[in-house]
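Report on the following structure.
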Amino acid sequence: MTDKEDPKKGKEKRGTSKEVCGYPLSIFFIVVNEFCERFSYYGMRAVLVLYFKYFLRWDDDLATSIYHTFVALCYLTPILGAIVADSWLGKFKTIIYLSIVYAIGQVAMAVSAIHDITDTDRDGTPDNMTFHVVLSMVGLFLIALGTGGIKPCVAAFGGDQFSDHQDRQRRTFFSVFYLCINGGSLLSTIITPILRAQDCGIHSQQKCYSLAFGVPAALMLVALVVFIVGSGMYYKAEPQGNIMLDVCKCIGFAIKNRYRHRSNQYPKRQHWMDWAEEKYDKLLIAQIKMVLKVLFLYIPLPMFWTLFDQKGSRWTLQATTMNGHFGSLVIQPDQMQTVNPILILTLVPIMDSVIYPLINKCGLNFTPLKRMTVGMLLAALAFVCAALVQIEIDKTLPTFPSTSQSQLKLLNMGSETVTVKMPGNDPLNLAAAQASNEYFTFEAGQIDISIGHPEVRNTISLAKGQRQTLLIPSNITEEWLMTDDITSKPQEGNNAIRFVNGMNTTVNVSIPAANFGLIEPFSYSNYSLIKNGKVTFTLWSGSQSCEYSTDFGFGSSYTFFIPSTLVFGPNCQESITAAEDIKPNSVHMALQIPQYFFITAGEVMFSVTGLEFSYSQAPSNMKAVLQAGWLFTVAIGNFIVLIVAELAKLPKQWAEYVLFASLLVAVCFIFSIMAYFYTYIDPAEIEAQFKKNVNEDDEDNKHKLQKTEVEMNKRDSIKCHDEDDKDKQTKM
């Protein structure tokens, strides 16, 4: 293999890379680096919105807004990275320096998720949330700067390692390169949610976000080390200027020059970019015109990304209210995102080898812009599916009291049935050791309740905006006890469990993951959060004990009543009664698969086709400019999510999904009109035509120069003859 030479310096800049099966050994380090970096990025991002909601305790809207701000920054910084690499540091140094920044950001995120750092009272909740928020925001900013900055450099740097005669190997490299991107994304979105679901901590056991961020941080460090190890083998091209800067300068000069000559006395020009002809080459101006034509088509595109990137925010939050049981397999809410890369790896070859050829055989001209239009409609359809799923979820959610309402439940702790009379309700017969099936809602702050025969009447004070349970003692003339119940779905799919002791003796209840402590007679324990699955409780009273087992789903709340008739022994299971305060999630996560299918099919038809279209319509030296424009549409799309999430403030989530779908359909209609009037071009042909004109002009100039020289020679010859004649006349 011949060594490459830097075209600018004229010196050999190639490393000492050996070849393996015709490929430079150096690309191995680049491929491994990309796999680890993508694992690091997508793994961190998969659990990010849940970290905001459950660790930092932000509401859904704020968590969504910060998530999309981060994603937008990740797609804005590639422009900065490209400028730095091409104009200043070069690709190699840019990747090294920004990878260090990237790794520091990942480590900062892992440290910010350690709750024990500020948990001085050891209750499992950080006492200084400002520390965690500030550190996580700094970490996210560094990650956005790092991942975005190296994004435009790594693939191009890998391509630089091949010589001109290795086109086939270069194409294979890019295929493997993008396979690593999808492979890293797929594995990380499977693994990091599992790590997050584990319990860890020094003083108290909590969800292990520090481990979920720590593993991606370790992978980023591995990516950096692997890339540095291959340093001596790389070909490192010197920075040779950034075409994006040249384009911006040319456009800026055209605008400024047009403004200077805005008077009617100056003749109009065919295109406003023609005002740059005084300073810039006509070929460059023609190339910029081609780019601007495509960038104009990009204007409606951010709306697609507005919907697409919500699969990591709104859709993940939606999954937290669903049932993740797939047979014996339990899927975490953030693991549903793995459906996207799986479908991408499946749909891309199917589309290319089956769907598109069939459409062509039907005689339909399915142009790239038509594909993109269909992709936008599919994304809108995905959000219609998400809205329908959300409506089903809303049907199963409990109705909690408003700020002006109170809700009350009844629990009969006695061994006989009692009749309860409450204002606005029919008399209720409550069986022994049983609770009412539902909560009763009251507008008044105080209500009169009558119980038993003869009736015992009491005035009960209710807490506004709260749920409470009235514990009716076996002797209704004794004190009536009120409990405070939870008024929201337990977080992260956990189950809120408590026990009420109806016995005359103290009872201790525990499980391996929690201890309810000693429960006094005719009293109740605090709530403990328990994972889904089968759980066995152990009850003690003195030297006696028994076990009680039950299965839990996701997001439920139960009050278990220990009756006075309980006999410790094998019959413990039958004696304890369970009151369901909040029903478990009943809508299955499998219902999200259709919306993931449509959004992924839309991505394949929109994103893959859009990149192909941009590449085909861009001049040879401005592919990177359109790539930067494409990434910019992703950033703008994420900013649109912030605007809608903060301004719309729709009370129902399904309505927000319908709003986004409607906006995309409207934008899709506008895009289809723009696409109808777009004329496809061949940039190479246009460039060749300009170069031909330049050559013809050069030939004309050459002929003119030669003609001028001939005429000058003639004049010189005539002049010489005249002088000879004069000499002759003088002599004569």
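Note: Cβ is positioned from N, Cα and C throughout, glycine not excepted.
The feature transmembrane segment is assigned by TrEMBL to 20-42, 62-83, 95-117, 129-150, 171-191, 211-235, 290-308, 342-359, 371-391, 624-645, 657-678. According to TrEMBL, the feature region 'Disordered' maps to 696-732.
In this chain, the transmembrane segment (62-83) does not touch the transmembrane segment (211-235); fewer than three CB pairs sit within less than 8 A of each other, excluding pairs fewer than 6 residues apart. Between the transmembrane segment (62-83) and the transmembrane segment (624-645), the number of CB pairs under 8 angstroms, six or more residues apart, is three or more, so the stretches are in contact. It is 657-678 that, among the stretches 20-42, 342-359, 371-391, 657-678, forms the most Cβ pairs under 8 Å with the transmembrane segment (290-308).
Packing against the transmembrane segment (371-391) from elsewhere in the chain are residues 303-304, 307-308, 314-315, 318, 587, 591-592, 594-599, 601-607, 609-610, 613, 652-655, 657-658, 660-662, 664-665, 667-668, 671-672, 675: each is 6 or more residues past its ends and has a CB under 8 Å from a CB in it.
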